[in-house]
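K.L.:
Would you mind keeping the following structure in view while I ask a few things?
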């Protein structure tokens, strides 16, 4: 057990009793009286005999727990000094005192034992953590060796392919093999409470703080406990996910956090843990975190029109969403990032299928199809029906994915600027490459107000109204902010229209004044020519 166990080791003393060597063993918790009684018993003397202990050279030895140990070659000699004559009363008093002393001794022993047990537990926890790291590293080495063997076999059998597209995955995943170094923030009670609400301000937090918030969500929902997720693996996985979001204006790690936080708030707001299994909650949260992994900043329309590698690979069918799924499971395939390592194979199959279904549902090209199916099931919604539950989960992740306008205006509006910036980057590229440009992405045709009004009115409000039928609490918390947002952008559009009308009138007046100026000049010149000379 290590050095810590030496404190429990008993002490052995050797006595010379009439030429016979007697070994006496006692623990460090014995007092002097106990040891003296033990020596008396060993030498056949009465227990109340006062004795002295002598070394081989007749030096006296103190009889107490700290007395120096000896060996069989250097035994101590026991010399009786006197036999105490005690009265019955004194014996009774001594007995009581002995019992009191024993109780005190036990109390002190308990405190000492508590301290030592605490130290041992700390040592064991550290050892378990180190052993866990070793297991992860061993699994990583096995995986690396397997991949190297497969690569060698593939190289031996590889032939030249005339295809212009490379189907090798050149994306560099960056899991952390060491223990993650981002600081573990202690979230205040106020932050923990705010984190459960849709009004949470996602702009106030740095990436490390967002990672700590995500980590807290998995612990708070009981997912770490129920699926035996290694906390170190959870942190590695979150770091790797963070590193595989690009620095796009909109589709970045903050958007990932925003969507996941909204999912987390809906779990608490709608009491989803009462409706879904813990595996469903795990799928919802993990799909939300992974739903836009490695997003390039250009949507599916661009991928298909530009015939990119992703469009070719996935046959124009939700190329981005398929790519997000692929990256998610490439990360999870690495032992040091596999948060599902303790989940049985059948459970992992269900989790994988669930995540794929939800991430593919975030393709807005499928919005009408999914909404129609959900509305059909809403007439007789059955929580015991797996198909109904799957559709509800698809709607939930869709709500969270496009939920910015549910948040307070000061939190939501900056996201519109980010989205338009990404749209304009794409439309500029489409123009330069001679590809079709969507009007809602063209910087020459769209404004913030026009971009939002139609989206809120025809996409967001109908979807959240449908969810409200199952969860009435959503109306006040999430639907009402959408109505207010619609009114805000309609007022903004009226102001924009008024400004355009005023600008148009100003331009007309300026243009008219410019055209009339030459005519007046010509008339003045003609009058001057007609006037008589002086």
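Glycine too: its Cβ is placed from the backbone N, Cα and C atoms.
Look at Swiss-Prot and you will find 251 tagged as active site, proton donor. Swiss-Prot lists 517-534 with the feature compositional bias 'Basic and acidic residues'. According to Swiss-Prot, the feature domain 'PDEase' maps to 175-496, an assignment based on sequence analysis. The phosphoserine annotation in Swiss-Prot covers 318 and rests on a large-scale study or a structure entry. Here Swiss-Prot flags 500-534 as region 'Disordered'.
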K.L.:
What is the interatomic distance between the Cα atoms of residue 251 (active site, proton donor) and residue 318 (phosphoserine), given in whole Å?
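P.N.:
Cα of residue 251 (active site, proton donor) to Cα of residue 318 (phosphoserine) measures 16 Å after rounding.
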K.L.:
Which value does the mean pLDDT take for the domain 'PDEase' (175-496) in this predicted structure?
P.N.:
96
K.L.:
When you measure from the Cβ of residue 251 (active site, proton donor), how many other Cβ atoms are you left with inside 10 Å?
P.N.:
25
